[in-house]
Amino acid sequence: MGWIPCPCWGTNDDENAGEVADRDPVLLVSGIGGSILHSKKKNSKSEIRVWVRIFLANLAFKQSLWSLYNPKTGYTEPLDDNIEVLVPDDDHGLYAIDILDPSWFVKLCHLTEVYHFHDMIEMLVGCGYKKGTTLFGYGYDFRQSNRIDLLILGLKKKLETAYKRSGGRKVTIISHSMGGLMVSCFMYLHPEAFSKYVNKWITIATPFQGAPGCINDSILTGVQFVEGLESFFFVSRWTMHQLLVECPSIYEMMANPDFKWKKQPEIRVWRKKSENDVDTSVELESFGLIESIDLFNDALKNNELSYGGNKIALPFNFAILDWAAKTREILNKAQLPDGVSFYNIYGVSLNTPFDVCYGTETSPIDDLSEICQTMPEYTYVDGDGTVPAESAAAAQFKAVASVGVSGSHRGLLRDERVFELIQQWLGVEPKKAKRKHLRTHKVVDSG
């Protein structure tokens, strides 16, 4: 595939420079899969969008995003040493988290699955927020660890920018999904900066204690980011799997073993047992949070990918697991500084994967490596379809408000009830509503 220049719609011009902010700025922070990613060859200025894209998705993804974890640095790095992965910062960081595939086809068909923060950005602009003065975005390389310097220092820089551009006003962070975990890591690692720059933190659909069903299955079989007809054009489940096995961020969203779950998450496998070549039986085996590690190891022992004519082994990565365990320690210890208000929105009313089962009684698993080519059966709990409500509601921070909203994991970003809550907590309302209110008020006064 050729390397095609990727024009970015939106700029970082200073059209609002010099304006006096009339409100505290808002910084939108995306979650996993919620940022546009570009790649380019080193010593080249030409970039190609590799996430998200509908057309040629699999090819671009394999070429640029398949990676290997480097235990010496803590980063996951492209298989091709000549490739760099970048996050566009156009439109004050908003471009990368707005419409994740801003191609004409997506806009023409209005594929809402990739309209990420778009509706929320429009809502905030409609309430009087101005890009570059009181509204900013932070997209990042979501393959990386939530506590890695690249991400944490990037967030710090974006907070500093919002603080300065608004005339020294403290920032309201609105984070989605895994973005809430990164904010938690930042809060622990840079408490003074968090206190200096942040006034409020609104988090949406954050897997504070992990997302057991979805993450366990992602490690074993992958994930389908887009469902339905569009998935035919998109990154395949298995192509995605071969990336996620080497992503620290995925391991950091495994179920928290220190959390007191109502019921411990499990992985179940219907196993074929053979005492000799003739007698066989079928048993349902269960693996808890600790035992699942051995299951991951056995299931992924033969996992590999082909890249550039070479076979590359991709077993379960214990170096990433060790790194993720230290991240979990940070997440468990993080504390909200005095003077910062915390608000939590989490999804409810949707069947959400919790326990995962592979094989059936009539079609059992012989060798555990077969799991990776098996579609799972789930046991469901209440949640947003991705994160259990039990996890998303279990922030360890004292909340001004914690509200369950009926909606899907990504759908919450365009949910009217969520918008109402955000407007209430920010103390704003749409301009049209204000004008209507003022006109009514004048009529009353004139009487």
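Keep in mind that glycine also has a Cβ here, set from the backbone N, Cα and C atoms.
As recorded in Swiss-Prot:
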ACT_SITE  Ser177  active site, acyl-ester intermediate
ACT_SITE  Asp384  active site, charge relay system
ACT_SITE  His409  active site, charge relay system
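DSSP assigns Asp384 (active site, charge relay system) to a strand in the three-state reduction.
Look at the residue listed as 'active site, acyl-ester intermediate': DSSP puts it in coil. Taking the Cα atom of each, Asp384 (active site, charge relay system) and Ser177 (active site, acyl-ester intermediate) are about 11 angstrom apart. Cβ neighbour count for His409 (active site, charge relay system) (all protein chains, 10 Å cutoff from its Cβ): 23. Rounded to a whole number, the C-alpha distance linking His409 (active site, charge relay system) with Ser177 (active site, acyl-ester intermediate) is 8 angstrom. For Ser177 (active site, acyl-ester intermediate), the same-chain residues that are 6 or more apart in sequence and have a Cβ closer than 8 Å to its Cβ are Ser30, Gly31, Ile32, Gly34, Ile204, Ala205, Thr206, Pro207, Thr386, Val387, His409. Asp384 (active site, charge relay system) counts 29 other C-beta atoms within 10 Å of its own C-beta, drawing on all protein chains shown.
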